[in-house]
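Pulled from Swiss-Prot:
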COILED    158-202  coiled coil
REGION    1-97  region 'Sufficient to repress sigma-E'
REGION    146-166  region 'Disordered'
REGION    169-186  region 'Primary binding site for RseB'
REGION    190-200  region 'Poly-Gln (Q2)'
TOPO_DOM  1-100  topological domain 'Cytoplasmic'
TOPO_DOM  119-216  topological domain 'Periplasmic'
TRANSMEM  101-118  transmembrane segment
Amino acid sequence: MQKEQLSALMDGETLDSELLNELAHNPEMQKTWESYHLIRDSMRGDTPEVLHFDISSRVMAAIEEEPVRQPATLIPEAQPAPHQWQKMPFWQKVRPWAAQLTQMGVAACVSLAVIVGVQHYNGQSETSQQPETPVFNTLPMMGKASPVSLGVPSEATANNGQQQQVQEQRRRINAMLQDYELQRRLHSEQLQFEQAQTQQAAVQVPGIQTLGTQSQ
């Protein structure tokens with residue numbers, strides 16, 4: 001209602017002393033009165049080239065109304081120490097699988113070494129079985145004929161060389177198999193010893209349960 005009265009007063013359609021008195025003492029009505037005059041001058045093209053606006057109070061009020069945003073508190077994550085991994089239930093569950101995978105990997109390496117060694121031995125055997133080309137002494141143009149000589153090695157020497165290669169190959173294979181069996185036994189004994197220590201520690205300290213001692 002007051003805005004309509006201010007618009008009529010600005011257009012000269014009405015003249016009310018009470019409205020003028022209220023306009024003189026009401027800051028909000030004064031701002032509305034200024035806005036109406038600015039709008040009318042802008043529509044008529046009577047505005048000056050430079051307009052002075054004081055919006056600092058409104059900006060300050062808007063800033064004060066903005067909620068205060070507090071940054072979220074970052075909680076540092078504590079990583080378990082290496083000596084604590086063995087006491088974790090997950091590690092106790094994964095450890096037997098890791099041991100089995102290690103044994104399978106060692107067995108695969110030994111099998112691969114045996115296969116490669118056999119193939120290498122077969123290749124050497126085929127090479128040694130090929131006869132060498134005999135060397136003949138031809139008759140010269142002038143003079144006497146020289147005796148014919150053959151550069152073929154004896155069968156006994158070839159057989160001895162093959163037997164030595166076979167024995168060396170077998171010795172290497174036996175050494176690899178013995179080393180694998182020794183490593184497997186040492187790893188199995190170490191795993192059993194660590195599991196026994198873990199179970200003994202869980203029994204001695206009350207209130208601590210691991211995956212191996214917890215009842216299903």
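We number each residue from 1, going along the chain as drawn.
Cβ atoms are placed via backbone N, Cα and C, with glycine included.
Confidence across the region 'Sufficient to repress sigma-E' (1-97), taken as the mean pLDDT and rounded to a whole number, stands at 72.
Secondary structure by DSSP for the region 'Primary binding site for RseB' (169-186): 18 helix, 0 strand, 0 coil. Here the region 'Poly-Gln (Q2)' (190-200) is broken down by DSSP into helix, strand and coil counts: 11 helix, 0 strand, 0 coil.
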